């Protein structure tokens, strides 16, 4: 072979030789390549032998390497290409014309991971899957590894049919309760079948109502669910490749849309501490939950507030005045709630302690007010319904109705103990309070009647004295000659004991007015002065009262 031919061969294998690791010399002698004629010779089977020189000993052969022709592209065959899960054995074969090569298998672009269901021949050219499963589906390749060369086959596809898996029917929207789905009346729902199958299966629905046409797809929708749609829904899923069929079922319960409940109280006249009341939550729906609320917050049961086992009744034991509420009840199912209007209880109580308040001061027990002044007394007590008030004065039969007692001008007769009674007709209770009223004025205990009596007496005495003076004047003018010169003051003055005393007024009418007057020590006499009269001329005349 000419040198030019050798150089052409050299340029073809130069890159491969640079990567060669099989002919690495000792560390002391590193190989080098030079652009000079190579020593070549023909080896066995037509292979070309290249002699590499090393540093320090050019052209001295130290090691030898053999370079093959480019590898041919392998091919992969699979049998069968379509299999049924767990029913078939699948064999892959890698076909290549090269010898002294290594075979590697690739699955879906990654080195194949072997498991107990796989077998590999000694030369690596045959791969067997003993029991095929769905995860074995995919693209298989074989790679041929030669000296410094790799060749990959085209992918061979394995299709594994399987299913259907167990069938589940789902309802949207809906709440599963065991094997039952619950929906609200009037809602729109969608039925969906969930299963795994290859190829896609066929669907056959069996519905509880003839009003719905049977669909043939994995989903279908019912507009405005009603009670006639209640029942069991079944779907048969069939795989034509595996010849398998499975049936799924779902029971559907349609709840009525809830209407507003009502809280009912049987008692009207509720009395504090004396009554217990049962509140009922009335609803037309069955199989609903009930919850109670007090003042807008969830009610907490206690010995005072007791709920029935189904929560439909609330019993309040020993009513207190703060148990008025309001109370509401709420009925609910999984998708709907309805709450009643609030109920407020009227709880009657009282009257509590009675207090008397004066206009001139606060709460009092004794009041002292001036004569002829005004006085207002206010009676009050906590009570529901409002209490009825009655005023009385001791030793008097007069009764005043109302919470206020107004005296325009105080007199001595207004002194005394005033009593106010507050009563509640519903609870049947009554309470009282008293106040002492004192009238302050001039130091006199005379009543107006006594004063009038005194004035009348003074007028009578004045009239008597005037008439007596007139009598004396007439006598003196008729007998002036008979007068004596003696002083009349020295005349013996005698008390007219023969005269009748003035008639006393009736004790039934005037005595109370004079009870406070001082009684005289002796009778009041009337003196008569006679200027030497002749007994035959004058007679005794007594003035009338």
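Each residue, glycine too, has its Cβ placed from N, Cα and C.
Among the features that TrEMBL reports, compositional bias 'Basic and acidic residues' is placed at 480-490. The domain 'Ig-like' annotation in TrEMBL covers 74-144, 164-245, 261-346, 351-436. The region 'Disordered' annotation in TrEMBL covers 480-525. As annotated by TrEMBL, signal peptide applies to 1-29. As annotated by TrEMBL, transmembrane segment applies to 450-474.
The helix, strand and coil residue counts that DSSP assigns across the domain 'Ig-like' (351-436) are 3 helix, 47 strand, 36 coil. Residues in the domain 'Ig-like' (164-245) partition by DSSP class (helix H, G, I; strand E, B; coil) as 3 helix, 40 strand, 39 coil. Per-residue pLDDT, averaged across the domain 'Ig-like' (261-346), gives 91.
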